[in-house]
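Here the structure comes first, spelled out in structure tokens, and everything after it is commentary.
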Amino acid sequence: MSDPVLTLDRVSRDYVRAGRRLAAVDEVDLVVHRGKTLGIVGESGCGKSTLARLALHLVPPSSGRVLREGQDIARLDAGALRRLRARMQIVFQDPNASLNPRWRVGAIIAEPLRAQGWSRQKRLDRVSEVLDLVGLPQDAVDRLPSAFSGGQKQRIGIARALAPEPDLLICDEAVSALDASIQAQILNLLTDLQARLGLTMVFISHNLAVVRHVSQRVAVMYLGRIVELASEADLFDRPQHPYTRTLIAAVPEPGRPLQAGSVRGEPPDALAPPSGCHFHPRCPLAQNICRRISPPLIEAASGHLASCHFPGASAS
Amino acid sequence: MVVFIVLVAVFAHWLAPHSYTRTDLFMSWSLPDARYLLGGDAVGRDILSRLLVGAQVSLTIAFSVLTIVLIVGTVLGTIAGWHGGWADGLITRATDLTLAFPELIIAIIVAAIMGPGVPAVIVALSLVGWTGIARIVRSLTLSLRNEAFVEAAMAAGTRPAAIIVFHLLPNMVPALVVRATAGIGFIIMEEATLSFLGLGVQEPQPTWGGMIRDGLPALRTEPWMAMAASAALAFTIVGFNLFGDGLRDALDPRGARR
Amino acid sequence: MSQYLARRIASFVAMIAVAVIATFIANRFVPGDPVLVMLGDQSSNLDLAARLRADYGLDLPLHEQFVRYVTGLLRGDLGLSFRFPGVPVGEVIADGLRISPVIGLAALVLSLTLGTLLGAIAAVRAGSLVDTGLMFVVVIGLSVPGFVVATGLVWLLSVRLGWLPVAGWGTPQQAILPIIVAAIGPIAYFARLTRTFLLETLGQDYVRTARAKGVPERGVVLHHALRNATVPLLTVAGIMMGGLITGTIVVENIFNIQGLGRIAVTSIAARDYPVTMGIVLLFTLFYGTINLLVDIAYVLVDPRIRLAVS
Amino acid sequence: MTIPVDLHEALTIEDLRVGIGRGRDRVELLDGISLSLRRGEILALVGESGSGKSMTALAAARLLPPGAELGARRLVVGGADVASAGGAALDRIRGKSFGFVFQEPMTSLNPLLTIGEQIAEPIRLHLHLDRAATRSRVIDLLGAVGFPAASTRLDDYPHQLSGGQRQRAMIAMAIACNPPFLFADEPTTALDVTTQAQVLTLLRSLCRERGMGMLLITHDLGVVSAVADRVAVMYAGRIVETGPAAAVLAAPHHPYADALRRALPRVSAKVARLEALEGQPPSPRAFPTGCRFHPRCARATARCRTSVPALVPSGLRTVACFNPIAETKETAP
């Protein structure tokens, strides 16, 4: 469990909406280990995309530290930060929006290399390499993104991310905009690339099945907080937090009856989160203590963290 | 149409059969004939020559104003949209305040302070026009900076200045070109209105607006000058507006339905 | 909502303040000494000069002049005319005050009703011959300045056919052409925007929902699309006032009507700055008030603003 | 013209075709779609983007955008013949004989009208109730779709509601006149997974209680299994397989349906590697000849490239394939 590539140390990010403070990410502690994939799952508005931007220092934290191999990113000077950017890259959700429609594919993929000051010849060589890597034809370089299908555009986005040889790749809903058959192609590509290149990945998605498929460890977020963190098998087969159980039960899947009975209400307004445990108004297990005290994220079973006063308890 | 107008304006002095200032009292309010193809004005100057040179005056003013507002509007709009914070507040408030005044009122104040003339027209129209460009550029900057490809560029380590120049500006060009073409028609129209009211271009420089004003009292007997200048003005503005519409449809398939 | 209105009122006040300062500057920092102009051939009469200077407050320090100007404005006193020494601006423009609002408001009503109607017809029949024809006329109306249209109409209706008087003010016949000319630009502008916004709302998902509920086409257009198109239309209705003011000033000059616009232009020529600036202030006040009313109407129409948490 | 109508029939689509453009620009989006549903039955129409599944629902509801041309041998929705109806007749059918639930509850509700007004609109148009009766019916409807304290939410505007509540309001509007049939076009795609489960459960129980037939458009096989009795799988403007939902999802006969199932990651178990279907769905401008799936199909033969396989009944299923995966005859459940 050593060699952390990325560490989040009590990281928060606030926004001000209509004069009120909104904690998009609320004191999150997280460690991402080398060569592994950490999945982050949660519903819309839970803060998972903000977490991705914090990890890459695209937005600075309001408090707390983001450490890259033990070094606080916020303390790096502009040059060091730019050099670090080469080593941490992101794949976005919407392949249409994340590629500048007026740039040719070659220039798009070479952009991070240009920012690092690579020579023209080295850029061309590297672009050709990564095109092979993601399974795109070499003649793609001279075409515009509009000439490609959604799945191919996502390959271009992956090629751009891989071009500067990063060791950390963050995928923010990277397959959510794709059709089922294309989604499987891209998921396979990502897992293959990880194995070949020894990448460390953070895979963010609202889709539980996709997160389970690619991740070794999984964190569940609810209203800016991590409520459960465990290995993929532990989390999905032995969930400790009632919210995680609710989420898993709500996923419709062929050959599995839908268990909607256990789900109550909708995620509350993030501007006015409930007191204590944010989940208590929807929780079948909620007691008085849940309304008053926010449960810490502690070990509920071996290597299995949950933020619940009654982890593992069942509703019946 | 537009090409024709621009060519006429550029070669106005060369095309004009007579000097636009030469008076010939024998030709006062003369009917169109072989010498003065469109007749003469009150002091016997060749209407055709004055019309042609008037095109040059109008377009010179229009393009000067356009250049000024494009530069000022783009720079301020980009700063407001990208920087945000107090710079945005200041610039947005300035545009709102300018827009809070009717165009002609601004022109009247400027004309009153500077005295009527070409410089006053250019200042007044620039003062009015920069807000439109600044608003568009600001909102384009705001929406573009939230585009995933701009975020991708930031993640790639591209410097902000490079992001603005290589990512934002190229994506603004179509909207700005469309706006600028439509703007020319608008500026010509405003200039003509000011000149018509006597607040714009002054004698002896010919201007369509002024020719229409001078022709108005004689409308009953000698409608040539007012009619010819009206036609030239309408032709030019319609031309630029249709050109702008065409450009918009060509550059933005989404807005093709007008 | 109250926050939204407070912001609007604040910007209205700011606008008036800027107008007051701008007109003060224009009045005081113009080239030439107004007293010398007023004196004319009596320029050697120093007593008269001193008296005029005192009447106009020009002998006071600048900040006192400003205070005097502002307090005067608050009482409705726009100062004294230069061209007619000793005559209050209010008297010079009194006739104009009776005429210009009539032209402006009549043109406003005409452009709102006719503009909406023509735009709605074009949008509902988008792509048809009616639409193409209407939009062609609209482009002409937008492109051709009011005074050009006026020139043509005067030549045709007054000179050639003799139906309407060429100029002047007082009879209903004399009012017809000026009002039409002042309204043409705004009608075209409003028709075009109505068409654009209506087409946009007609393409919205909730219009499809209305159709799926069995709402008849008339109800879809009037109740769902046009009502929703009113929201963006309102925002431009305020801006359109600028065009109406321009139109009013222009027609008064074409038809030689002694309204505010005509007086403003002759005053500029006569370097009568207090009168010019008084009129500028009045137009600004009118324009600002209309825009404030539009902002309030906006709140009434759109619940998303009305019910926004503040 | 009178058409014999089966009282239990909720939807009959026969040989539905939709195309846009003329001459060389002509594009056929739907090619001979036939479907039928009985009252109380839920049929899921599943496929990837561009397969024509939403187009099928819009065409059957006569809500196609201008420019799209529709042709059908028979189009009966909720007992009403919509193929020949036009203008006022169509307005009397929509909202009364069928309701329609759209994908985006935010944009599909009018932002300037309260949800009470919007739900009351079809009642006013079709049932001609007075004010008080309309109001109490709207309150009943809001209660039926699971609005807590319905009478206090009547005057809320859409922007004051959560995503799930908006979709509930949309459903209340669609069922306001108690129609025998409901179209639901991706009704839960814009919702979070926990809200989706609630809305799906609601839709299913409404169909059961009211004997309402429902055509559910979705891209999600999980949603199909959660609510549908039967399923129809679409690919490139054609239906390739129909049958009981559970049976088709468990063992599809058409290679495309099978590939779709295999490409899906599961939340209940982890597989080492997904069996991805290579290539991508064709554009309507360039549909392949013969079976439109043949370029991506592992079982394709020469015949698939040249001739179009018809939908052939096989037990309770129909399959349009020359080389289906299993030929076993099924027995009725």
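Numbers here mean position along the shown chain, with the first residue as 1.
Each Cβ is built from the backbone N, Cα and C atoms, and glycine gets one as well.
Feature annotation from TrEMBL assigns domain 'ABC transmembrane type-1' to C:97-294.
Within its own chain, the transmembrane segment (C:12-30) is flanked in space by residues 62, 65-66, 69-70, 73, 79, 271, 273-274, 276-278, 280-281, 284-285, 288-289, 291-292, which lie at least six positions past its ends and keep a Cβ under 8 Å from the stretch. Among the features that TrEMBL reports, transmembrane segment is placed at C:12-30 (among others).
A Cβ distance under 8 Å defines the sequence-distant neighbours of the transmembrane segment (C:102-122), meaning residues of its chain 6+ beyond its ends; these are 130-131, 134-135, 138, 175, 178-180, 182-183, 186-195, 198, 221, 226, 233, 237, 240-241, 244-245, 247-248, 251-252, 257, 259, 286. Taken from TrEMBL, the feature transmembrane segment applies to C:102-122 (among others).
The annotation transmembrane segment is assigned in TrEMBL to C:134-155 (among others). Packing against the transmembrane segment (C:134-155) from elsewhere in the chain are residues 118, 121-122, 166, 177, 180-182, 184-185, 187-189, 191-192, 195, 246-247, 250-251, 253-255: each is 6 or more residues past its ends and has a CB under 8 Å from a CB in it.
TrEMBL lists C:175-191 (among others) with the feature transmembrane segment.
Annotation comment: TrEMBL describes C:233-255 (among others) as transmembrane segment.
For the transmembrane segment (C:275-301), the residues of the chain that approach it from at least six positions outside its boundaries are 1, 4-5, 8-9, 12, 15-16, 19-20, 23-24, 26-27, 73, 78-79, 81-83, 89-90, 92-93, 96-97, 104, 230-231, 234-235, 237-238, 241-242, 245, 260-261, 263-264, 267-268, judged by C-beta separation under 8 angstroms. Sequence annotations record features per position, and here TrEMBL assigns transmembrane segment to C:275-301 (among others).
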Long-range neighbours of the transmembrane segment (C:175-191), counting only residues six or more past its ends (CB under 8 A): 102-104, 106-108, 110-112, 114-116, 118-119, 122, 134, 137-142, 145-147, 149-150, 153-154, 157-158, 164, 169, 233, 236-237, 240, 243-244, 246-248, 250-252, 254-255, 257
